[in-house]
Amino acid sequence: MEIESKFKRICVFCGSSAGNKVSYKDAAIELGTELVSRNIDLVYGGGSIGLMGLISQAVFNGGRHVIGVIPKTLMPREITGETVGEVKAVADMHQRKAEMAKHSDAFIALPGGYGTLEELLEVITWAQLGIHDKPVGLLNVEGYYNSLLSFIDKAVEEGFISPTARHIIVSAPSAKELVKKLEDYVPRHEKVASKKSWEMEQIGLSPTCEISR
């Protein structure tokens with residue numbers, strides 16, 4: 001059954017590897033299916049391998065638009081065979097993140113490695129600074145992100161992250177529950193930077209950061 005969503009496009013960060021558990025692959029396909037059921041298009045890192053390949057194929061097969069953003073230098077490594085949807089080749093990693101953010105109404109991280117964490121933490125930081133107010137979610141497959149969430153809680157306890165900024169990131173063990181939480185998300189944190197800051201211009205976001213239609 002199709003469900004109307006307030007999101008037009010969601011950016012998904014995930015590994016170019018599939019991981020060691022079948023549950024990670026299943027979660028990528030499940031998330032892709034959930035996006036399709038809500039008529040949401042996908043923005044992702046552009047690769048055709050690992051979890052990136054699985055979710056992009058699931059969304060594309062479901063009839064939704066797929067936008068892949070990938071640095072030219074990574075194309076030989078992360079693309080094998082045919083890609084699906086629209087592929088945007090960019091100059092570097094910074095431009096990749098900027099383009100992904102610009103085209104998305106929310107962010108979700110599937111399990112992944114250093115690159116996934118770097119992308120995730122950057123969009124969380126942008127939210128904390130007030131550069132955007134788009135929701136950020138973790139698909140916490142079989143507790144994959146429990147240690148990261150514990151670290152964030154420790155940073156709050158030690159005074160490095162404010163309690164309200166802790167609420168920037170939401171998590172859930174299933175795609176359906178996570179997307180519902182993102183739909184219901186309301187920012188609570190105080191924004192640090194001016195909305196007309198240079199960072200906003202760098203990543204190409206509008207001052208109001210409204211969901212694009």
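Even glycines carry a Cβ here, placed using N, Cα and C.
Computed from a predicted structure; not experimentally measured.
As annotated by Swiss-Prot, substrate binding site applies to Glu78, Arg96, Lys97, Gly113, Tyr114, Gly115, Thr116, Leu117, Glu118, Glu119, Thr125. Following the DSSP three-state reduction, the secondary structure of Lys97 (substrate binding site) is helix. In the structure as shown, the Cβ atom of Lys97 (substrate binding site) sits within 10 Å of 21 other Cβ atoms.
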Highest CB neighbour count within 10 A among the binding-site residues Thr116, Thr125? Thr116
